[in-house]
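Features of the protein shown, as given by TrEMBL:
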type     : residues : note
REGION   : 1-46     : region 'Disordered'
COMPBIAS : 1-18     : compositional bias 'Acidic residues'
COMPBIAS : 30-46    : compositional bias 'Acidic residues'
DOMAIN   : 130-343  : domain 'RING-type'
DOMAIN   : 134-178  : domain 'RING-type'
REGION   : 517-562  : region 'Disordered'
COMPBIAS : 526-554  : compositional bias 'Low complexity'
DOMAIN   : 561-589  : domain 'RanBP2-type'
Amino acid sequence: MDSEDDMLDANDSADDDFYSGGEAGLGGSDDGDADYDFADHDSDDSAELLSHRQQQNYSILSEADIQQRQEDDINRVSTVLSISKSEACVLLRNYNWSVSKVHDEWFADEEHVRKVVGFLEKLIEMPNDRELTCGICFENCPRTSMSAAACGHPFCSACWRGYISTSINDGPGCLMLRCPDPSCTAAVGQDMINSLADDEDREKYGRYLRRSYIEDNRKTKWCPAPGCEYAVEFVMGSGSYDVNCNCSYGFCWNCTEEAHRPVDCATVSKWILKNSAESENMNWILANSKPCPKCKRPIEKNQGCMHITCTPPCKFEFCWLCLGPWSEHGERTGGFYACNRYEAARQEGAYDESERRREMAKNSLERYTHYYERWAANQSSRQKALGDLLSLQNDKLEKLSDIQSQPESQLKFIIEAWLQIVECRRVLKWTYAYGFYLPEHEHAKRQFFEYLQGEAESGLERLHQCAEKELQVYLEAESPSKDFNDFRTKLAGLTSVTRNYFENLVRALETGLNDVGPSTSHGTCSKSATSKSLGGKSKSGKSRASSTSSKTGGSSRGVDESNIWTCDQCTYANPRSARNCQACNNQHR
């Protein structure tokens with residue numbers, strides 16, 4: 001059985017292997033494990049991965065786009081089925097705007113479809129009399145002022161307007177409007193709405209129709225951001241569920257919560273529920289208070305002696321330790337700061353269960369607080385970064401362009417860096433929810449996850465500091481700086497390195513760190529990787545690309561340290577033959 005030091009060293013070896021890639025990457029992986037390479041390289045695999053990342057599997061629809069697509073679908077159905085546009089609209093509305101489903105159902109059983117949606121086989125004309133009786137107000141009106149649906153039931157214009165207006169004001173149910181006659185199921189189409197309703201009702205009906213096109217269609221959803229009027233059409237079964245709307249809000253297509261990779265939707269749902277539920281309040285009360293022996297109201301003691309007096313109207317006086325009446329306490333029981341009765345009962349085990357419950361509640365609360373505070377802190381940092389980005393775009397970029405005598409088009413690398421900071425803050429925030437639900441008994445995965453999370457935080461802080469504090473120097477300069485191009489190279493390099501690390505971190509967590517199993521404690525952790533890495537130092541003080549060996553196998557797991565050099569600017573590990581850093585193009589000294 002390996003010693004504890006051996007196990008720790010083996011885990012460090014596995015960490016280094018994950019971070020930088022090992023020798024297996026040079027000759028290819030035969031075990032089919034997931035590729036967790038955290039590098040920026042030019043292999044065919046990475047090119048394919050980059051193409052996959054950049055593939056956008058959704059399209060953003062404005063109100064004009066929605067209306068155009070809706071009209072196109074209506075025209076298509078109208079042409080194929082040889083029916084009016086108003087009837088085509090009713091058909092599509094009944095079948096959730098699915099053109100293919102309308103065609104399938106219509107050609108399979110036209111008679112059944114007509115019955116379901118309220119289409120009559122033949123148009124029935126109103127009686128050809130000079131005056132007709134309205135079926136609602138029962139007034140006799142000239143035939144010219146009467147209207148009827150395809151069923152021929154006549155109603156006066158005033159009653160039609162009232163009927164339509166009431167239905168529209170009742171909500172989207174007006175889209176399924178039928179003839180006012182109680183015994184009739186004939187559909188009332190948009191053509192009658194447009195001819196009989198007033199302008200306000202027509203506009204409201206049109207909004208309901210556009211909303212139904214998005215809300216009843218499985219392929220489309222509204223952006224959930226407050227006040228946003230864009231919709232999203234999503235291609236199912238391709239890529240991730242992350243969507244970035246034109247309003248700058250990112251959300252998950254599957255659950256419509258904020259974009260939350262690498263955490264799945266079920267975990268996000270549990271986390272949000274936990275943050276809003278009363279369970280943690282009860283844990284806090286259980287861990288930090290005791291109930292009054294008389295009225296059972298929870299009481300928190302944060303200082304002072306053991307003599308407690310409950311608040312009015314109870315006013316019961318008791319001992320904090322044993323919860324007995326204070327009238328039975330005094331010098332003989334230990335005075336104001338001790339209780340002999342409590343100590344004696346405690347030694348007999350009388351308070352074991354109560355203390356155990358309090359301790360469990362306290363530990364649970366402390367663990368939740370640890371993860372929640374860091375989750376909230378990264379959310380706050382992300383909001384601040386968004387504010388800084390907006391300030392940069394609106395004001396500071398133009399100022400920097402004037403000071404450094406460079407066009408704004410050549411300063412886009414700064415915007416890209418801040419966009420990456422915002423995205424990384426979001427990812428880092430959700431890793432804390434991931435960590436909270438990571439099983440306690442999986443020690444190897446937890447240790448590995450915490451190490452990767454720490455590395456991600458360190459890398460992001462380097463990028464954030466460069467984009468914020470170092471940029472400030474050039475904003476405060478009075479003339480063009482000679483080393484501004486060096487700053488450009490450094491910031492662009494850090495942006496690239498951080499992006500690659502976080503993208504691969506997300507991939508690793510989404511697969512559940514499957515390569516880290518029970519065997520990791522013995523120092524074996526197989527991963528497919530390449531020779532290029534992020535560089536830097538591991539917890540054991542070794543270079544991440546340095547040679548590490550398994551305690552059990554003894555084989556080399558990394559690249560020989562003599563064959564790489566680490567960039568002083570962005571910490572990227574480069575092959576010895578490279579003269580410039582392959583991440584930030586910094587020249588090797």
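Each residue, glycine too, has its Cβ placed from N, Cα and C.
Mean pLDDT for the domain 'RanBP2-type' (561-589) in this predicted model: 65.
Sequence-distant contacts of the domain 'RING-type' (134-178), counting only residues of its own chain at least 6 positions beyond either end whose CB sits under 8 Å from a CB of the stretch, comprise 93-94, 118-120, 123-128, 184-188, 192-193, 195-198, 201, 204-205, 208-209, 211-212. Counted with DSSP, the domain 'RING-type' (134-178) comes out as 21 helix, 8 strand, 16 coil.
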